[in-house]
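Read the structure below first, then the notes.
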């Protein structure tokens, strides 16, 4: 729609049929070329009802609205023409002024409604006085000659571009792309802009064509000098001081601006300056840092995320469920003391501890004098080096390899640093003495992990010197947590904090008080020894406190009233456990049992305690990569440098009724429980990613995730289940307790260095003789073995004979005899002698047979490939892009693959038989005289070409 067009005539009655019977308000507004607000106002004026843009109106109301809006438009157009009619008849001074004055629209009221599809008809309107332009006649007169030529060649509806004034473009261009003459470069910038507008006011509706690509219907299209100046003032921006020389004229308001005009200045960002100074980009390419310690900030973020997740996380188990599951599980601890029989330290003793729940091993620990754990030991170390960029310090603890102390593990209150100025280089200096505790054993090339936040573990609680808060395990019921809080208010000293363990459930106040007093006395002894060593300045690290053996630690942390019994095999282990339990928990002595391995009547030794409880068998299966589920599914556990990945497969489990969703969900539920058991048994720590089989229903996915979370409630170490990723992967983190099962009983392979592969200098050809790749698995295993055995039997039954001439070869003689018998039967009808057929058979070149066999083989492969492609397409359509075919491994279900294997094997035999017919020296295989190879019916495509049978009539 073009401004200046007069209102069209009222619609004819025939136009009423163009509107539908019923339409919405916004559709009617779009049809009439106006806004929904004006249509709603017209409807309210007609019947007084309040409607919205989505209300429905019938054809009668739509016609009334159209007539009403057309009447208002016609009245507004007549009034506008009558007011300015005397001024429009004035004679302009020149043709240029005529074109300029007739097309200027300054503050002239435009009709709000214009019917669609009406041809634009310009009407004469006067030129309103422009208050913003002071020297309009001067520059119009100066440029009349130059613009006259441009107006003669310019079309009436030429679209003008805003290339010079658009965002992101320079303002120093003075080209003639908009019809401006070259000699305008000497004029002020304001005069250039306004002269261009005066020369092209006939197409002012296209000033903002780059902003509105859809058309010119809903835009204000006046094109006057005042409107153009306002738009230019809004878009005017001042560049930086290092801009072009042409921007000097833009410092401050332009001459055509009214008084008190504000020029907005866009201050570039620091990132933009850095990016533009190098490569002109708008994004920052510099690495940014944070104020303070990065590790402390990461620690704060983890705490915030943990608190937020704790608020959103629903309770995993209620108190009743917690107590019921705790009492329902039968827990037994078995300890075995053995002598090492393999190098490098044969003859040394080691101890194994296994925790069984309902007869299934869920946790395993191993300890020896040579591989004692350092976790919990307290040392007076000496700072060797401080790395501010890594926010870490290396501390000598007297164990050969330096330990690493990160900034997040520094006790800042003890160091006298608080607030934001927490930098490790301010707290520690090389040569300083520092009391540290080992929080993680050295692994591989990494040293021990250290912390200055010392904690002493007791039987019922953990004593934290210098802390001011108390914590209670979330695994305890709410009522028990409240009881323990009241006890701690009276027991815990003001200069220390405690963390209540799950073993303190139901414990009396006197026992907790005694545990706190014992741990506090131990800490005072450690402080006194550290102070004495500092005064001596011996210059060497000193061990202030060492944790007891792993056997004692496991008994202290795990063995409580929940266990049915503790079975011990070995005199040394029995003496250690019996002495500790009598001193710490005399009420649990009745649950101790010593296993005696008496010899049998025939002199054979009794089975081992681990053999009796089938622990060795379960440990051997736990060291395998693949784990079988009770229903037949499998888990594949792979350990990488960054994380542990677990893949869930259905394996042999095909379901017992129901549909695929039920089968997959049942398999995933079993996998969730077994995954938690494997994590505890193998002591897997770090990031764990689980790939469950895809489920369609959201309720089933929530059920599997809930089962996984409930199973993890039995794990005593710290863990956290994160959200499910967009790919359907479940990710969680778990803290390792000690040495893992596989790490304790394995070493890296000397051949492949633990990679599991052997590298060769040349590429390895993994293709079989048939030209197809060998596919490992159970689908083709049976059939492939059968085919190979039959092929080997065929080869064993043939004899090696010298090469014959083509005509004397026994194969051709047998073929000739067969053809002669066929010809003999056909002589009665056709009368052809059999000798001719024999001659034709004898004269046939051997290459024809070779080609025939090759053609049969190629035809077989093509047919099988077509069938396989069809099956694959059908599977893709049925699964709807769900990746279930990799997870669902159904054995012996693809008969087409077996048939293709049979055809390929037959084709191989045919090729081998025909290989020696080309006259090459050597030996060929011929059937033996005394034994015949077993035959098998062959498929049609392998025996003869496709088509109807050929009759020799």
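Cβ coordinates come from backbone N, Cα and C, glycine included.
Under the heading Mg(2+) binding site, Swiss-Prot lists 647, 691. Residues or ranges marked as Zn(2+) binding site by Swiss-Prot on the basis of similarity to another entry: 749, 752. Under the heading compositional bias 'Basic and acidic residues', Swiss-Prot lists 14-23, 263-272, 294-311. Summarising the annotation, Swiss-Prot assigns compositional bias 'Acidic residues' to 127-150, 199-223, 848-915. What Swiss-Prot lists as compositional bias 'Basic residues' is 157-169, 230-240. Look at Swiss-Prot and you will find 183-193 tagged as compositional bias 'Polar residues'. What Swiss-Prot lists as domain 'S1 motif' is 376-453. Annotation source Swiss-Prot lists region 'Disordered' at 1-23, 118-314, 766-808, 822-953.
Here residue 647 (Mg(2+) binding site) is positioned 24 angstrom away from residue 749 (Zn(2+) binding site), judged by their C-alpha atoms. You'll find the Cα of residue 752 (Zn(2+) binding site) roughly 24 Å from the Cα of residue 647 (Mg(2+) binding site). Helix, strand and coil content of the domain 'S1 motif' (376-453), in residues and according to DSSP, is 11 helix, 32 strand, 35 coil.
Taking Cβ-Cβ distances under 8 Å and a sequence separation of 6 or more, the neighbours of residue 647 (Mg(2+) binding site) in its chain are 635, 636, 638, 691. According to DSSP, residue 749 (Zn(2+) binding site) sits in a coil region rather than a helix or strand. Under DSSP, residue 691 (Mg(2+) binding site) is assigned to a strand (E or B) in the three-state scheme. A 10 Å cutoff on Cβ-Cβ distances gives residue 749 (Zn(2+) binding site) a total of 12 other Cβ atoms nearby, all chains included.
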